[in-house]
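Enquirer: The feature repeat 'PPR' is assigned by TrEMBL to 184-218, 286-316, 317-351, 418-452, 453-483.
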Amino acid sequence: MMPPPSRLLALFTAGNPPPLRRLLQLHGHLLVSGLLSSQSPFGPRLVSAFALTDLASPRPLLHALALLASLPSPPDSASPYNSALRALSLCTHPHLLDRHSLPLYRALLRSGSARPDHLTFPFLLKACARVRERLYSGRAVLAHVTRLGFNSDVFVVNAAMHYWSVCGSIADARRLFDESLVRDVVSWNTLIGGYVRRGLPGEALEVFWWMSEEGTVRPDEVTMIGAVSGCAQLGDMELGKRLHEFVESNGVRCTVRLMNAVMDMYVKCGSLELAKSVFERINSRTVVSWTTMIVGHARLGTMEDARKLFDEMPERDAFPWNALMAGYVQSKQGKEAIALFHEMQEAKVAPNEITMVNLLSACSQLGALEMGMWVHHYIERHQLSLSVALGTSLVDMYAKCGNIKKAICVFKVVPEKNALTWTAMICGLANHGHADEAVEHFRRMIQLGLQPDEITFIGVLSACCHAGLVEEGREFFSLMHSKYHLKRKMKHYSCMIDLLGRAGHLDEAEKLVNSMPMDPDAVVWGALFFACRMHGNITLGEKAAMKLVELDPSDSGIYVLLANMYAEANMRKKADKVRAVMRHLGVEKVPGCSCIELNGVVHEFIVKDKSHVETNAIYDCLHEITLQIRHTTRMIDISATGIV
């Protein structure tokens with residue numbers, strides 16, 4: 001039995017609305033009993049109740065919007081509209097935001113009986129900050145703010161500042177802040193958070209110290225989260241300690257969110273010990289607390305400690321799995337990253353975009369094409385959006401795993417490409433010997449106004465090196481410094497020296513080695529040595545070889561190559577002398593390691609390796625292959641003699 005009308009009104013005005021099932025029953029009762037007439041207060045109250053219940057699900061919100069549109073007459077206040085706008089501003093479904101935010105506001109304006117109030121615009125601007133056409137829609141709403149006289153309301157101004165800090169110019173947010181006659185703690189926090197979000201930590205901390213010195217508003221935990229996050233971006237340990245002391249000496253409430261931010265700051269400033277001391281003092285640790293410590297250990301490469309923390313976690317969502325997986329990838333432990341993903345599947349934790357990016361990076365490290373293709377199929381099967389990060393990872397994986405055609409196909413269909421996407425494609429084309437295409441992509445990237453980085457230049461210089469494009473190589477090597485002001489690293493010099501050396505410009509290559517701002521490494525001297533051997537320059541080749549021996553006397557490869565160079569120049573005595581020195585020093589050739597992927601598992605082998613569980617079967621197979629090769633070779637030799 002339904003309660004009387006007076007009891008129903010009390011039910012709707014209570015702090016927490018009834019659950020959805022109960023609201024649907026009430027809606028049905030009101031319809032049947034005729035209590036949703038044009039003058040009834042129940043309609044607007046029911047709209048607000050639907051909009052405010054179960055914000056995680058879109059169903060109550062859609063019901064609220066449908067009910068609002070079907071009321072016999074528009075509500076006489078903005079309250080139900082505000083409730084629906086609030087729900088939209090918190091909605092996790094972008095298509096609902098795009099479809100309903102501005103139309104709902106227009107319906108309020110057209111209602112004739114209700115007008116926007118000081119609560120309407122904060123919710124509406126928050127929604128505008130998240131819709132696709134956010135710059136256009138937000139500017140239109142801000143024009144209404146001024147026209148309706150709400151531009152001096154502190155709540156509306158704060159919402160406008162947040163909008164500009166997210167969507168437009170942070171300078172506009174600062175202008176609103178400076179012009180505001182009344183500032184509360186949210187005003188300061190919005191500006192500080194805006195600067196941090198835009199990667200301007202210096203400006204954020206400047207505003208924080210101004211706030212603390214002015215003294216009219218006391219910093220709260222949100223203020224300190226912004227300041228500490230800015231410090232984390234700067235990586236300034238001493239400043240971080242000062243901010244931590246400020247929290248403790250000024251009575252700022254030490255919430256778990258704030259302590260998590262302090263831990264993150266210490267991790268990014270390089271002090272895992274200080275982060276650990278904060279972690280141990282948190283009573284109610286969240287998933288973020290544990291994940292931050294896992295990230296800290298992963299940064300230091302102490303993956304055993306990271307795994308131990310992971311195993312001790314009382315509960316886990318996708319984030320700690322991703323953090324540990326990323327740590328394995330950063331530590332070049334691709335096999336462990338893939339094994340962890342299989343554990344994640346067994347634990348029935350749904351992977352997300354970051355999981356897929358980490359997994360593709362592991363596949364790239366291992367050359368695990370089969371596993372990488374499975375990831376690609378998973379992305380398509382689950383209709384994951386091909387974001388910039390995911391698209392770039394797919395291009396990189398296919399290129400590094402040997403399927404450059406598929407990498408090109410993915411590159412073409414990625415809807416949005418950034419500099420990293422172009423770099424992955426350029427490096428992939430270069431590594432597969434498609435030098436002209438790599439150079440063409442590089443020039444196209446520049447035409448689009450994208451900024452190449454050090455890796456991009458390594459890719460295009462490698463392409464020039466493979467194809468002997470000396471003039472283009474000189475041009476790009478010069479562009480690095482003259483136009484893009486990038487610091488040339490060892491790899492750039494080694495590419496350029498290799499290019500010049502292969503083309504026979506040995507004098508220019510030697511001059512470049514001597515002009516390097518850092519001491520040349522083995523790769524640089526190796527490139528020069530190979531060029532000297534190729535062009536028969538024994539004198540310069542000997543110099544490069546001696547430098548290589550100085551850098552690593554135990555490297556067998558350089559002795560072998562030097563002896564071969566002497567032998568090719570008919571300098572037998574010197575060749576024999578090098579081999580004798582090699583025997584005297586006891587230098588042995590380091591065995592190589594090979595990898596093969598089978599059913600998503602990567603197996604490693606070295607010479608005479610018998611550690612694999614299928615060793616006997618492997619050697620039986622090798623024996624059969626050897627016999628087949630001998631038979632085929634013998635048949636070819638017989639054919640060549642003309643006997644057959």
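Just so you know, the numbers here start at 1 and follow the chain as drawn.
Any Cβ shown, glycine's included, is placed from N, Cα and C.
Just so you know, TrEMBL annotations never went through curation; they're auto-generated.
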Enquirer: Go ahead and report the DSSP secondary structure tallies for the repeat 'PPR' (184-218): helix first, then strand, then coil.
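Expert: Residue counts in helix, strand and coil order: 27 helix, 0 strand, 8 coil.
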Enquirer: For the repeat 'PPR' (184-218), what's the mean pLDDT in this predicted model?
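Expert: Reported value for the repeat 'PPR' (184-218) is a mean pLDDT of 95.
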Enquirer: How many of the residues that make up the repeat 'PPR' (317-351) does DSSP mark as helix, as strand and as coil?
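Expert: The repeat 'PPR' (317-351) comes out at 26 helix, 0 strand, 9 coil.
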